[in-house]
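Quick look at what Swiss-Prot annotates:
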type	residues	note
ACT_SITE	9	active site, proton acceptor
ACT_SITE	131	active site, proton donor
């Protein structure tokens with residue numbers, strides 16, 4: 001069964017969503033992060049909550065640690081955190097604060113030796129966020145090119161004990177237009193590491209189609225704020 005991970009994106013301790021990762025598209029969500037935690041926690045089908053420090057991702061250093069630590073106390077659900085995590089000490093601080101999983105992006109992509117070290121130190125608790133326009137990987141809050149191909153890069157990770165690869169199609173993110181099923185399915189076939197789909201998910205039909213592609217989990221952004229998404233779920 002595919003897992004459901006609703007997302008909370010933070011700017012200035014406020015729950016927001018971006019479109020295509022563009023910071024000037026910031027949209028404040030109707031629920032605060034605290035309200036979102038309470039809302040998502042009522043659903044048995046929610047396996048964990050996905051929290052991103054958006055300014056941390058852009059600034060290359062975690063900015064919302066204390067606030068995220070306070071959110072951790074509000075739920076018994078697992079929580080994963082990403083955004084600006086670049087050092088082992090940051091990872092250890094999050095784990096000490098009760099965070100279950102850490103997501104690394106730019107640092108892990110630019111330094112695979114470090115990624116391997118972190119994954120072996122914390123097996124199954126480190127997730128790699130791979131964000132791409134088409135097959136072109138982006139870093140530093142989606143603002144910089146890498147000249148890395150999505151599939152070539154992912155194939156190099158096969159011996160690293162990651163919890164999973166979080167794949168976001170930037171062109172789909174925040175648009176509620178459906179995930180990139182084609183590339184997501186190809187990515188699942190290209191690696192033995194669990195693939196988590198993010199970006200564009202609208203409704204349960206999208207979830208079912210991702211499940212048919214053997215996607216491990218789906219991160220739900222804007223759609224998770226709509227009661228209609230959760231109808232029929234417990």
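Heads up, the Cβ atoms here are built off N, Cα and C, so glycines get one too.
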- Item | Between residue 9 (active site, proton acceptor) and residue 131 (active site, proton donor), the C-alpha gap once rounded to whole angstrom | 15
- Task: Could you say whether, by DSSP, residue 131 (active site, proton donor) belongs to a helix, a strand or a coil region?
- Result: strand
- Task: Going by DSSP, give the three-state secondary structure for the residue listed as 'active site, proton acceptor'.
- Result: strand
- Item | Cβ neighbour count (within 10 Å, all chains shown) around residue 9 (active site, proton acceptor) | 23
